[in-house]
Amino acid sequence: MAAPDPDTDGACRHCGDPFDPDTAAAAGHPGFCCAGCQAAFGLVNGLGLDRYYDQRCLDPAVRALKPDADDAIPDYAVHVTPTDQGEVSLSLLVEGLHCAACVWLIERLLTMQPGVTHARVNMTTRRLSLRWTPQPGEGEAPDLGARRVLDPVLTVGYRLVPYDPATVDRDTDRTERSLLRAMAVTGFATGNIMLFSVSVWFGADMDAATRDLMHWLSALIAIPAIGYGIRPFARSAVTALRAGRANMDVPITLAVLLAAGMSLWETARGGPHAYFDAAVMLLFFLLIGRFLDSRARGRARSAAGRLLALGGAPVTLIEPDGRIRSVRPAEVPVGGTVLVAVGERVGVDGAVSEGLSDLDVSLITGETMPARAGPGDRVFAGTLNLSAPLHVRVDAVGERTLLAEIVRMMEVAEQGRARMVALADRVARLYAPVVHALALSAFLGWWLVGGLAWQEALLIAAAVLIITCPCALALAVPVVQVIASGRLLKAGTFLKAATALERLTEADTVVFDKTGTLTLGRPTLESDAAEWTDDDLRRAAGGAASSRHPLARALAGACPAAPAVSGVREHPGEGLSWDDPEGPTRLGSAAFCGVAKPGVGGTLGTTSSGRRPALETPPNRPRSMGLSSSHSLADRARDRSSGSGMIRHCEPASIDAGEAIQGEKRDIRPGLLRRFAPGNDDQNKSCANPIDSTDEESERRTPAELPPQEMGRVGAGFLGPELWLRVGDRAPVRFRFADPLRPDAAEVVDALKARGLAVELLSGDRPETVARVAADAGIETWRGGCAPGDKLARLAALRDQGRRVLMVGDGLNDAPALAAAHVSASPASAIDISQTAADLVFQGDRLAPVLQALETAHRADRLVRQNLALALLYNAVTVPLALAGLVTPLIAAVAMSTSSLVVTTNAMRLTRTRKSRP
Amino acid sequence: MNALLFLIPMALLLGLAGLAAFLWALRSGQFDDLDGAAHRILFDDEDGNDGPPAKP
């Protein structure tokens, strides 16, 4: 047994989370935060795999390895595929993978199961591929033993999501592989041809017959290698020529083919000069550049893949006769009813027909506070069911869901930015025609004016093409990019777009979102001017420990020593209740705890509707335009119909507005809006013109209109989310929550200003809260109450002033702005859609990665420019030589490899301090 | 001169063997997970009961 590490006392021996040892001992699981962790630890130890605990390193950015009894385990049966030889296979995405020790543990746990023939976790893509032979008796079970095999891994606390390998895009994988293969073939050819070439160059006493033999051997290797290696370039060149353009691949293809052809002819007539080596080497270097380029670009795929996987989890369908069947989301009939268990993501769009629960809607709206959903309320694919099972009547599935539609919108918005042409491509556009003109003039000049035979002249023209070919250009930029992104990756920043670095260097204005970006986006218990006693906190935290609600978790986190209370009942959308020795206890919204003052809505529950929304919207609503989670979806619909709707309902429309700003005229999709707005359609007529209503909303939020008692944060009108605790007949006490700034926010803002960048804060939150955060962070220019459309408008205004904006944000309401900004960054805690829209994604609680990315971008940019200058210098020297017909194959080979080496070495300077992983 | 007739094919064959080995490694998925492979070596196989290498 692994002894508990003395250093980790107070941290759970399994998941590493802090806990209180005394409480745990009393509850019967000493050394562990919960019984689940104890069971997991026992399992790992029992199998003799306890070395795992010595060797692992926990990654704070990854979900803690906590087995959660409430987690709904997806039904694997749908994705189990029989293979030949009586085996079955299953592909899964692993959530909770911290480090290589996790890979080891999972594989070991699985291979210990009888019948498992293959279990392999890919650490890069976090995918697990599994094959096993069903044991006797399992052949009849629908999942063929999947649960039995996977059970130990689930017990340990990993979450396994099945996916359909066919839906995950394999095209890019295939391209990368074929590039690598072509690279290997041309590399082999280069090496071996060089063997012959060097002997020809330096074998001064070599007779003509031997030289011809060498040339023929070179041709024998070169021709097939060129035929194989040139395909990626030729394909792109032909496509470009068909479209009437010339890209870099045109001169490349032409040069290689011309050089090979001329050399073959030269060899056939026994001439002294053959360029096989140069032609193949050129291809080799260019393929290296191409491969690096494709790797740098390919990183963004995993995020998109995860999003797709969300839609791929099986759905539990309730048949008309009451039977329950697990099906793929695409097979669910519209109008059918599906069951959504606690902890499960809703796989379809629809309306609740039965049940009352809290939904985590963060994927769709960016809200961290759950929304209540009861009969008649609309639910959307991608939301997570938190507290009670729901029956949902299906309106839309698969590609027709709101989630799929939002993803498509982001793609459209992204394409607008893809028009940005990388520096290397801009250079290439100039380069190609110049090179062609030079080669043509060399040919014509030598043939017509110089009086050479046309074959000789053509040979010189081929030499010009080869020597001008942009090895340095094609290699230098991708090398710099790969090194730069490797450097950033090591520091926890994930570079998604290939041109992001270049665009970062151009940024002169930084626009931050507030909640979740400048702040942590996690509610934390306010302890100054507290209205509660430690005893209250202890009691409340004990009850809250059993809930998944973010505020309850914050409360439990504030007092981990609290003994967990048993017998807690969760009232969806209202709060928790349990029997305390001192009387029946309630924890939840003001109304739930019988607080007479409706006040600022308690966020575990609903507030009474009909109050002025300005009073109902607590300011610390993460990114969500100040919407209280205390609203049930139905409440929001009512608000909407009374003309005081919540801006965020119109976010997709604002994405449309964003596209319009980008110059792509698109119809606003009323159908989508109706679907997005909760409640039934006639309640939502007023959402038909979302932009108007967002304007109305922001006007409504002017500070002047706010009641004076709400201007400050202290006093009766405190504007944060809150929970009430009522014990027996005692007066209820209030717990307030605030969202703290990221620890280095002010420093980073200062550093950005020192770099000469303008810094702004745009937030959907109430102006006074934004003002306070802006003051804390040292930002002078700020704007509160911004709808997504307002953010876009501000970005457009900045662009009209000629500013290049770096947008940093994390919510769905930021997503259009992220896509529209010149360059954008998003914290890893952001919702997937924002991460998809952003150019860089950074991890951790600090903002410093933004600064670091800027700095790396500037260094990379300097290196790219130096490299381009070096390439130009090289051309200035060699082109006259080639034009003069002085370039022999030896000179061509030396010049080409030298220039490539020089630019690569220069790029490597980016790693200066220590070697980075490319 | 005769040495060439012997050495050239040998050099080519060796090169081809290297190429074939690389292509085989690529095909058998050894380049699929470079991160995992780098760390995997740190864990011993006590029972040697590892599954076969992944098929692409």
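Every residue gets a Cβ built from N, Cα and C, even glycine.
Annotated domain 'HMA' per TrEMBL: A:88-161, in sequence order.
According to TrEMBL, the region 'Disordered' annotation covers A:601-713.
Remote same-chain partners of the transmembrane segment (A:179-201), defined as residues 6 or more beyond its termini with a Cβ less than 8 Å from a stretch Cβ, comprise 211, 214-215, 217-218, 221-222, 225-226, 228-229, 231-232, 274, 276-277, 280-281, 283-284, 287-288, 290-291, 294, 889-890, 893. As annotated by TrEMBL, transmembrane segment applies to A:179-201 (among others).
According to TrEMBL, the feature transmembrane segment maps to A:213-230 (among others).
Here the transmembrane segment (A:250-268) has long-range neighbours at 212, 215-216, 218-219, 222-223, 226, 230, 233-234, 237, 240-241, 274-276, 278-279, 282-283, 286, 431-432, 435-436, 455, 458-459, 461-463, 465-466, 468-470, 474, meaning same-chain residues at least 6 beyond its ends whose C-beta is under 8 angstroms from one of its own. For A:250-268 (among others), the entry in TrEMBL reads transmembrane segment.
TrEMBL lists A:274-292 (among others) with the feature transmembrane segment.
Taken from TrEMBL, the feature transmembrane segment applies to A:427-447 (among others). Sequence-remote contacts of a segment are chain residues at least 6 beyond its ends whose Cβ falls under 8 Å from one of its Cβ atoms, and for the transmembrane segment (A:427-447) they are 246-248, 250-251, 254, 421, 453-454, 456-458, 460-462, 464-465, 468-470, 473, 868, 879, 882-883, 885.
Here TrEMBL flags A:459-480 (among others) as transmembrane segment.
Summarising the annotation, TrEMBL assigns transmembrane segment to A:868-884 (among others).
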Query: Under the DSSP assignment, what numbers of helix, strand and coil residues are found in the domain 'HMA' (A:88-161)?
result: 23 helix, 24 strand, 27 coil
- request: Please indicate, using numbers and ranges, the residues of the same chain that are 6 or more beyond the transmembrane segment (A:868-884) and have a C-beta under 8 Å from a C-beta there.
  value: 423-424, 427, 438, 442, 445, 460, 463-464, 466-468, 470, 472-473, 476, 891, 895, 898-899, 902-903, 906
Field: Across the domain 'HMA' (A:88-161), average pLDDT on the 0 to 100 scale
entry: 82
